[in-house]
Each structure stands twice: as C-alpha cells, then as structure tokens.
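Engineer: Found this in TrEMBL, in case it helps:
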type: TRANSMEM; residues: B:23-40; note: transmembrane segment
type: TRANSMEM; residues: B:60-79; note: transmembrane segment
type: TRANSMEM; residues: B:84-101; note: transmembrane segment
type: TRANSMEM; residues: B:113-132; note: transmembrane segment
type: TRANSMEM; residues: B:137-155; note: transmembrane segment
type: TRANSMEM; residues: B:175-194; note: transmembrane segment
type: TRANSMEM; residues: B:206-229; note: transmembrane segment
type: TRANSMEM; residues: B:249-271; note: transmembrane segment
type: TRANSMEM; residues: B:278-294; note: transmembrane segment
type: TRANSMEM; residues: B:332-353; note: transmembrane segment
type: TRANSMEM; residues: B:386-405; note: transmembrane segment
type: TRANSMEM; residues: B:417-450; note: transmembrane segment
type: REGION; residues: B:506-547; note: region 'Disordered'
type: COMPBIAS; residues: B:537-547; note: compositional bias 'Basic and acidic residues'
Amino acid sequence: MELSVLLPFIVNVIVGGLILGFVYAIIALGYTMVYGVLQLINFAHSEVFITGAVVGFEVFRILQDSTMNGYLKLLIALIAAMLVSGLLNVLIERLAYRPLRGSPRLVPLITAIGVSLILQDTLRFLEGLQGRFDLTYTLPAGFGDKFCSTNSTCAPVGDFLRTIGVDVQLKDVILVVVSLVSLAVLNYVVNRTRLGKAIRAVSQDRVTAGLMGIDSNLMISATFLIGGALGGVSGVLFGLKFGTVNAYSGFDPGIIAFTAAVLGGIGSIPGAVLGGLLLGVIQNLIGVMNIFGNLLGFANLSTIDASYSKIGPFIVLVLILIFKPTGLLGKSNVEKV
Amino acid sequence: MTVATPPQANPTVRRPVVKPDRTVWLMLFFIVTSVLLLVSHEPDVLRNLGPLGSVLRNKVVEALVVSLFLANVLFAYLWKAANWAKLIVGVGSLLFVLPLAGQADTSLLDLSIQVMIFAALALGLNIVVGLAGLLDLGYVAFFAVGAYTWSIFASPRFGEVLKYYGSNPGTTGSGTLALGLVLTAITAGSMIYIRGLHGRVAPTRLSNLSFLLAGFGLLAGILLVGRSILVLASGSAAALANGINPGFFWLFLALSIMAAAIVGVLIGLPVLKLKGDYLAIITLGLGEVIRVLANNLGLYTAGSQGITPIESASVPWFNSLVGALGFGQDQYYLLFLYVLVLIVIAVILLVNVRLDKSRIGRAWIAIRDDEIAAQAMGVPLMQTKLIAFATGASFAGVMGMLFAAKQTFISPESFNLLQSITVLSMVVLGGMGSFSGVILGAAVVTLLNLRILPGLGEASANVPWIPQEVNPANFNRFIFGAILVAMMLLRPEGLLPNKRVARELHHEDDQEDESKDGNASGLNQGGDVYSAGLATIKEDDKPGGNR
C-alpha cells in the first residue's frame, strides 16, 4: 500500500475525529460539572443538549431570510440555546432532583432517566405541533464551504492544510473555535471567580461549605445553569456538524459524551476534554476500519464499518472502568465506611 | 429536603389493621367483570346489544374491561376473603374465563401472554434491581439472547448458516474437530488445575497469566469445535431448510435459560465490580452492544430484517384436547403458549419466593443495603451479585424464547433501550423488591402500552384538531418517564410496596438520621436490622420485649 495515499487519509480521519471530539468534549463537560457537584449522572443532559440543538435550528430558521451576517446569526443561536438549555437544566434540578436529595443513589438516577424520556417526547410534541420531526439546519451561506480551497488568499494556514491533504469546512473551524472559547470561559469561571470557588467548595463538601456561608442550593443551581448552557452550545455545534437532529437523536452523542467524561476522569474538566477528543478519534477510526482492512489486506477487518462505530465507546468504557476506574485524569476516590 | 410523603404512624407501636371480610364483594366483582369480558368479546351478542354494543367495542372501553377483569386476580390477592373464593377467582379467571374470551378474540390471548412475559421479565429485573440493588439498564439483552437462541434454530436461518459453512469450509474437517476437542479438554483441565492450585496457595502473577492463557485457549478450542461441527453438518442444510424439529422446543427451553445465564455471568464478571451509576451506564452500553451485534451479524440474525418464521412446539395431544373444546386450528399455538407461560411464570414466582427467603436472598438484601458492611460480614460480593445477574438473566432468557415463539418474528428493534426502560418502569411502578407489586406494574404498563394508548390514538385519529404528529399512541416514552419521575418523587416504594423497602425509604419518620441534611449515603446508615425475607419480629412487638 502506498504511503502517499494512506497518510492523508489517516490525517483526515484523525482531524475529523478531533473535530467530532470537540462536540463530545463540550457535552461531556455538562455531565462532569453536575457529577462533580452532586455525584449524579444527569441522564437528562442528552436531552438538554438536544434542546439546545432544536433552539439553534429554530433561530437559524427564523433568521434564514434576513440579510444578517452569518456569524451574528450563529452568535444569536448560541446565546438563545445557552439560555434555554441552562434554564431548562435549572428547572429540572429544582423540580426533579432537589426533592430527592439524600435518598439512596438509585432514586435520583431513575428520576433522571424518567426526565430524559419526558423531555424526548415533549420536544417531539412541540416540534410535531408544527409538523416537523427531522430538523435540518439551514446554515448561513458559506458555512459549508471548504476552508480556503478555492483561492490562495488565506495562506499560510489554508495552504498548509491543502498540502497535507486535509479536508476541512469552514463550519468545522467555527466549531473548534467556539469550543475553545467556551472552554476558556468555563476555565476562567471555575478557577478564577468567587462563584467558581464556591462551586468547588460545594462539590468538595456540601455541609462544610454550608457552614462557611455558602448557599449550597444556589451553587448547585448555578452549576446546573452552567452545565445546561454548555449543553446548549454543544447542541448548536452538534447541529452545525451533522446538519440534522431530531428529538431522539440526543441519546447516542449523550452516551458517548458520558463515556468521554468517565474516560477522562469524571469530575475533571481537562479530563472531559481529553476524553472527548480521544473518543472522537477512536470512533472515526472504527468507522473506517473496513477501508484500512481493504488497504492493508486484512480480510477480517473489512466487515467492520460505521455501523460498528457505536460499539467503540462502550468497549472503551468497559476497558477503562476495569483497568482504571478513576479515568485518565481523575483523582482516586477511596470510599470511607 | 425530605421526601414528600404522607406522615406515617410509627410502625413499632401501630396495631395491625383488621381487614373486613370481602368474600361476597370478591365473588360479585369476579362474576360481573367476567360476564362483561365475555360479552364484550362475543361479536354476535354485541351486535344484538345495539348502542351499548358499540360502546363496548370502543378500544378504550375494551381496555378498561380487560383491566377490570385482571383486577380480579389482584383483589383476590389483596383482599381478605375466604380461601375457596380466592381459589375460584384465581383459577377461574386465568384458566377458564380468559381462554374462553380469547376464543372469540385471539388478541386477548396475545395480550395476556404479553402481560405474563413482561411480568416474568419484571420479576427477573426485580431480583437484580429490587433485591440486589444493581441497576441494570441493559436487561433486555438477556431477553434477546433467549429469543435468538431459539429463533436461529427454529427457522430457515439455521439452514442458511449451514449452507454458508458448506460453501466456505476453510480447512476445517474432522481433523480440526479432533484438534479442537483436544485443545478444549487440555485448556479446561489446566484451568481447573490452576483454580485448584489457587485454593491452596496464593495466586501469583504467573499463575494468573497462565489461567488467562488457558481461558483464551478454551475459547479457541470451543470455536474450532463449533465451526467444524457446522462444516461437518452442512450436508444436511437442505433438510433443515425449515429449522430443526419443533420437538427440540423443550430442550431449547433449558438451553435458552442456560445461554442467558451464561451471558449474564460473562457480562457480569467484568462490570460487577462497579457500583450504582457506573453499573447502570455500563449495562446500558452492553445491552446496546448486543443489539448492534444482532443488527450486524447478518449470517446468524438476518440483520435488521429479522428472523421469520419461528416455530413453536407441536404438542398433538394438547392440540386435540383444545380442538375438542372448540378452538380453531390457528388458535392452538397461542393457547399452548398461554398455558406454558402461565406454568413458567408460576415456577418463576415460586423460585423468586424461595430465593428471597434463602441465604442468597438475604445476602442480596445485605448487599443492597450496604455493600461494605455485607462484605465485612462475610458475604462473597462477586459471587452473590453474579448469582443475582444470572438468575435475572435466565428468567429473561426463557421468556425471550417464548416471546420469539409467540411473535414468530424477531428483529433487533424488539430489544432496544426503551424495552429495558419499560421493564424498569414496571419494577419501579409496582415497588422494587415486591413480587406482587412487580406483577401489577407489568400488567399496568403492558395494558397501557398495548391497549390504552393505541385505543386513545385510534379515538383521537378522528378528531380533526389533533394533528397526527401528536397522536397519544406515540407518547409511551413520556408516560414511562412520567411514571418513573412521579413514583420516585411521590411514592418511591411503589404501588404494592415491599414492607422492608417502604420502611427504609420512610425511615426518617421513624427515627432520626442525617440523610435529610444532604448526606447522600444517609440511608445506608443506622436503622434497625430486620431479617431480610420474612420479618421475624411481629409488627406489634414492643422493642425490648415485655418485662
């Protein structure tokens, strides 16, 4: 097999995986934030995030005919999705999780599954009222174009990408930039502000933080707000990346993002990002395993195609939980009796 | 924050409530609902009833009648009544009235089989979730294993598999069969030997490694043997074009139990070290893995097209007996399955009750309450959890097989996550850990799913202002979700609670603890210890005894 064909192909797969991984990473942050504070897997997060995607769709649909700048449309979509998803997440916490604080761990988990199902059908109902099921994003002009493929005005980055044969669209670049910006903001909020300090205190020890004058309920609500807002961002990015969403399509990316959070060490923000990126690449690699099999002459690999890529994250999850349950960057948590 | 529940009197001083005798009411209710059920499924009578008949034909009303009829059995269980009345109601409604009504309307038989299949599934999941406290979100995987075990062999699929191996024999033949058998024997022997060695001396890294190697060798040996048997048997592919002899049904009834239990152990071994939410998510993942495999292993499972037709057992004497009672040819197999499922669920219930009172049952409950304390008291954690997993799985396996035989068609779509959650909501609705509650939950959810929601959907289809996209029949996720949330918020112990679980969930009414201060593990602490299965302390015993 010729290296000159294989190498750009591999690079493309990895770059595509990394871009996908940024979406997973931002979703995973929503899980990790909530888990860090409440030790609860917020199953409903995948629906919170798909709500963000739906809101983004609606914004793009409404603004479709306006002559507004495409980036401004995206900004409006992001802000609207952040608001709706964040408030939805706070509402869920207030109505479903807060009354159950202090009950056995199984109880809020089952509630979370229930909330997730309720949200799925509610979303489908709301969109169904208008006769829609699959929501196809109509993006502003230019978002779907190849990044710097037509002219050489955008050198040197475009030229470099072209020489190594990477196929990147403008929306992929936007996606990565938005992810990095939200990561930076989140990092600032959690590590540099008073609010972040209070949230960290609550996540460490809720009772003692309460004694220090921190309103733990308020901080938990704030965490849910931030987690939901990140879900909104990731929803819009997800819609941008895949083009089509429906009320039920949150499940798969949700579960992959959860795996990413566990892989990186749940509760750890850099871990979530690392896990998301890794899983994006792994999933892309499994999806093209058959091409590798054909290229390299392994007949057994050639049956593994994109339909198997769903299994990848679960296998990774099983392996990581067996061999390093704390995740790659997680702290070990010794259970005290 | 406390769980919002009605205040409850302290059970230690509460006098037992004397229930009134309701024999008369029970019999009356039984007769009325039976007549109603029989009438509403008799087309000739309905036609003569005029407007009342058309009301009874309405899907929603029909679902209501069926629910009321099934409530008989529940009341016979709950109410205080003479034993003969309970016996008449139980046996009469399940063995006489239901089949009789099913004669006129086979969908009723179908529905009751479905209810019982789900009841058995819920009983199995109840062992895993309710008794052992392991949240399993991939439970339907075991159901799928049972279903596919039978349907591959009892359908043209098996002939196709043999044909494939006939045309792609590779180098496998009788020589490879011998090699595989030798390999299997040697590796199995060495695994047993190393295991015995571990009993006497502490395992070393080397012995662990050789155990693992022997395990791989065993797997390879079994694969070789299986493959060469398939190749050697491929000559008879044409003869098996319609699947194996239905007489093997009984053998496969045992095999599907075993297969599901083995898969349960295989899935359980790596994942049962995890706790709570991690276990939930990983079982969910493995359940999805099995579904994706079923979707992609086209040779064995026919992929997303599914396997059809699947045969069920042929029992000539039963058929002639049923035929003599006036049932049609096409109803034989349904009625046979109905009786079979009834027997199986009785056995499962018996096993459940006995297990609950056994050492294992108490160990499960100990683990559910506090894993670390249970371990400290000498409960072997892994073994006990694996038994729970395997038992629950085996119930699902046998029911999966019966489900395949009833549907005569299965595809991976029948085994998705929503099914697992449906079964979970049955367990939660009825009450985790309570057998009668779980069966009630199964009946309610199945009726809702198969009768009430489609009935409402049909009714609303004619209403112009309801668009088709928001048809109530499509709201089952919403309803399961609402069931889960509402039960957790309002009545976490379920409709027919297990006494012990109810006390645990409400024990802040009985005694002080810090769980309400936000200590998530609060419920694992303190509290009196009651015997797991049956309370040996009478409810009105005074603490400390009478002196």
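Glycine residues also receive a Cβ, built from the backbone N, Cα and C atoms like all the rest.
Just so you know, TrEMBL annotations never went through curation; they're auto-generated.
A description of the local structural setting of each listed feature is requested, covering burial, neighbours and distances.
Structural biologist: Cβ atoms under 8 Å from those of the transmembrane segment (B:60-79) belong to residues 19, 22, 25-26, 29-30, 33-34, 36-37, 40, 85-86, 89-90, 93-94, 97-98, 108, 111, 115, 436, 440, 443-444, 447, 451-452, 455-456, 459, 496 of the same chain, restricted to positions at least 6 beyond its ends.
Here the transmembrane segment (B:84-101) has Cβ contacts under 8 Å with residues 23, 26-27, 30, 34, 37-38, 41, 69, 72-73, 75-77, 108-109, 112, 335, 338, 342 of the same chain, all six or more residues outside its ends.
Counting same-chain residues at least six beyond the ends of the transmembrane segment (B:113-132), those with a Cβ under 8 angstroms from any Cβ of the stretch are 70, 139, 142-143, 334, 337-338, 341-342, 344-345, 348-349, 352, 355-356, 361, 364-365, 367-368, 384-385, 388-389, 391-396, 398-399, 402-403, 406, 422-424, 426-427, 430-435, 438-439, 441-443, 445-447, 450, 498, 501.
For the transmembrane segment (B:137-155), the list of distant contacts is 121, 124-125, 128, 161, 242-244, 246, 248-249, 252, 255-257, 259-260, 263-264, 267, 280-281, 283-288, 290-291, 294, 300-301, 307-312, 392-394, 396-401, 403-405, 410, 412, 414-417, 419-421, 423-424: same-chain residues at least six beyond its ends, Cβ to Cβ under 8 Å.
Listed by sequence, the residues of this chain that lie at least six past the ends of the transmembrane segment (B:175-194) yet keep a Cβ under 8 A from its Cβ atoms are 207, 210-211, 214-215, 217-218, 220-225, 227-229, 232.
Remote same-chain partners of the transmembrane segment (B:206-229), defined as residues 6 or more beyond its termini with a Cβ less than 8 Å from a stretch Cβ, comprise 165, 170, 172-174, 176-177, 179-188, 190-191, 194-195, 197-198.
Away from its own ends, the transmembrane segment (B:249-271) comes close to residues 138, 141-143, 145-146, 149-150, 153-154, 279, 282-283, 286, 312-313, 385-386, 389-394, 396-398, 400-401, 405 of its chain (Cβ-Cβ under 8 Å, at least six residues beyond either end).
When Cβ-Cβ distances below 8 Å are used as the criterion, the transmembrane segment (B:332-353) is approached by residues 94-95, 98-99, 102, 106, 109-110, 112-113, 116-117, 119-120, 123-124, 126-127, 312-313, 315, 318-319, 322-323, 391, 395, 398-399, 402, 405-406, 435, 439 of the same chain, each at least six residues removed from its ends.
Same-chain residues lying 6 or more positions outside the transmembrane segment (B:386-405) and placing a CB less than 8 Å from one of its CB atoms are 113, 117, 120-121, 123-128, 131-132, 134, 136, 139-140, 142-151, 154, 249, 252-253, 256-265, 267-269, 272, 307, 310-313, 333, 337, 340-341, 344, 348, 351, 355, 360, 364, 414.
Below 8 angstroms of C-beta separation, residues 63, 66-67, 70, 74, 77, 111, 114-115, 118-119, 121-123, 125-126, 129-131, 136-140, 143, 284, 287-288, 349, 352-353, 356, 476-477, 479-480, 483-484, 487-488, 493-498, 500-502 of the same chain, each at least six residues beyond the ends of the transmembrane segment (B:417-450), sit close to that stretch.
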